[in-house]
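Noted in Swiss-Prot for the protein shown:
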DOMAIN    31-387  domain 'IF rod'
DOMAIN    428-545  domain 'LTD'
MOD_RES   5  phosphoserine
MOD_RES   12  phosphoserine
MOD_RES   18  phosphoserine
MOD_RES   71  phosphoserine
MOD_RES   78  N6-acetyllysine
MOD_RES   135  N6-acetyllysine
MOD_RES   212  phosphoserine
MOD_RES   270  N6-acetyllysine
MOD_RES   406  phosphoserine
MOD_RES   457  N6-acetyllysine
MOD_RES   628  phosphoserine
MOD_RES   632  phosphoserine
REGION    1-33  region 'Head'
REGION    1-24  region 'Disordered'
REGION    384-664  region 'Tail'
REGION    384-442  region 'Disordered'
REGION    555-577  region 'Disordered'
REGION    598-620  region 'Disordered'
């Protein structure tokens, strides 16, 4: 369906296409079309305004009905507010009295704390003196043990030398016996040779006698034969016989002479050998006698030294036993004194901690009550302003007190606010991750970079020569510590590697000091790795710091609560039936048990609140729930529940065990 403007545009276009128009005609037609378009837009706007006026009339009727419903509920709500305001005034008076009592108790606790601190300082001085005396005695014991070990090593050395000398004496005695035996053998051989020489001489004489006898017998036979031979040949035979006898005699004499020379030569050689052997044996026997004499002299001197060392060792052992007994008595006395002082210090610390915890608990409760009263006052003032109620003289006086209290709280030099709250607070925590693949684990890493502690978790000793500990702190340079070459960590033992700036004493194998490094480093990401001699990572521990910033100002909390209250009014189109009620619940930060301090007296109002105290940053968390009444509801409260949390800081650390919990 075409609109009038579209039809007019169609007709004008047709006319323009049929007949040519002048510029003035064209201008008038355009103005006419503009006026027609504006008239159409005005008609549409008037229709829209009429429809909006109709809707506005319906809305005014609904608002009138809602105001009538709310006006019927104002009386009940006013009575509930007045009852709760009376309870708040009573609570404020009791809190003021409790505050005065707590201030008196705080002064007493401070005096007791000063006295206990002075006594603790004195006890710590006595403890330091006892520890210094114990260290001196331990140093004396170490020196005596070193002297004893030196004497024992010298004794073992002398015993070894004595054993060697005894072995040498035994060898020399054996050599002397062998030399004597050889001398006796040589003497026997000499006597045997002399006997043989005598025998040979006798045999030679006997042979000479035999030869002479044979010669005479031969002569006699020849003579007998010569007698028988005829006289013609006697001369020939005699000459031949003489020649033969001469030849035979010459041969016998040559043989005897040769045999005699050989016998004399053999005898002379054997006699020379026997004489040389006897001389050698006599020289060996003399040297053996001299060595034996020297060995006996040395053995006597070593025996005298050994007896003297044994006497010294016995005296040292007796003195060592006396020193050990005295050291044991000193240790027992020091242990008893140290145990007594530690028990007294523990009792004093327990009493101080208990008093501080009680004071901290009371201070937290008082702080929560002050916040609740301040929030009540802000809410009541807002409701009175919204409902245009005239405040009673009592409420004016309480408002005056509240304003004076807020001015005191807002003053920069207020001691109470400085004690209660800090402008901001940071809470840091460490998360650890450890990994172990060998016998030794990284048990503990100091957050301030003072030490690194390792533990041998196995049942066997672990040699850690040339092992390394590598420390990485974010993007900082890598720190590397190398163990001594002969270091060994016993089974189940712990070794602590201290930085030079920690002030620890170097006492291996339990405590080692890294003298070239003042600190292990501290930061937000600490990674400590244990590397063995082959370069393999056998253990690791990583610390990551997380920091939480807490903004906690009492006035800001009250203002936020008041702004939330007025914002609720604005969002509900100024509904006078909207209000906030709450109750309070105090929770113990350690054991988690609730302690009911107040309850809401309004029927149908269900409000939750909690106060918890953290153990690390000692921050108080106040959680409140608000139930708001809707504008279209009947005589009951609304169903919209709003929960808000407030963080209040306290710079004093607080640790409390469940046994000392004031709530339990």
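Placed from the backbone N, Cα and C atoms, the Cβ positions cover glycine too.
Feature map: Swiss-Prot annotations on the structure.
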{"residue": "71", "record": "phosphoserine", "Cβ neighbours (10 Å)": "11"}
{"residue": "78", "record": "N6-acetyllysine", "Cβ neighbours (10 Å)": "14"}
{"residue": "135", "record": "N6-acetyllysine", "Cβ neighbours (10 Å)": "11"}
{"residue": "212", "record": "phosphoserine", "Cβ neighbours (10 Å)": "11"}
{"residue": "270", "record": "N6-acetyllysine", "Cβ neighbours (10 Å)": "17"}
{"residue": "457", "record": "N6-acetyllysine", "Cβ neighbours (10 Å)": "15"}
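The two recorded residues residue 457 (N6-acetyllysine) and residue 135 (N6-acetyllysine) have their Cα atoms spaced 30 Å from each other. Cα of residue 212 (phosphoserine) to Cα of residue 71 (phosphoserine): a distance of 190 Å. Secondary structure of the domain 'LTD' (428-545) per DSSP, as helix, strand and coil residue counts: 3 helix, 62 strand, 53 coil. In the three-state DSSP assignment, the secondary structure recorded for residue 135 (N6-acetyllysine) is helix. In this structure, the CA atom of residue 135 (N6-acetyllysine) is 83 Å away from the CA atom of residue 270 (N6-acetyllysine). Across the structure, residue 78 (N6-acetyllysine) and residue 270 (N6-acetyllysine) place their CA atoms 154 angstrom apart.
Residue 270 (N6-acetyllysine) sits 161 Å from residue 71 (phosphoserine), taking the C-alpha atoms as the reference points.
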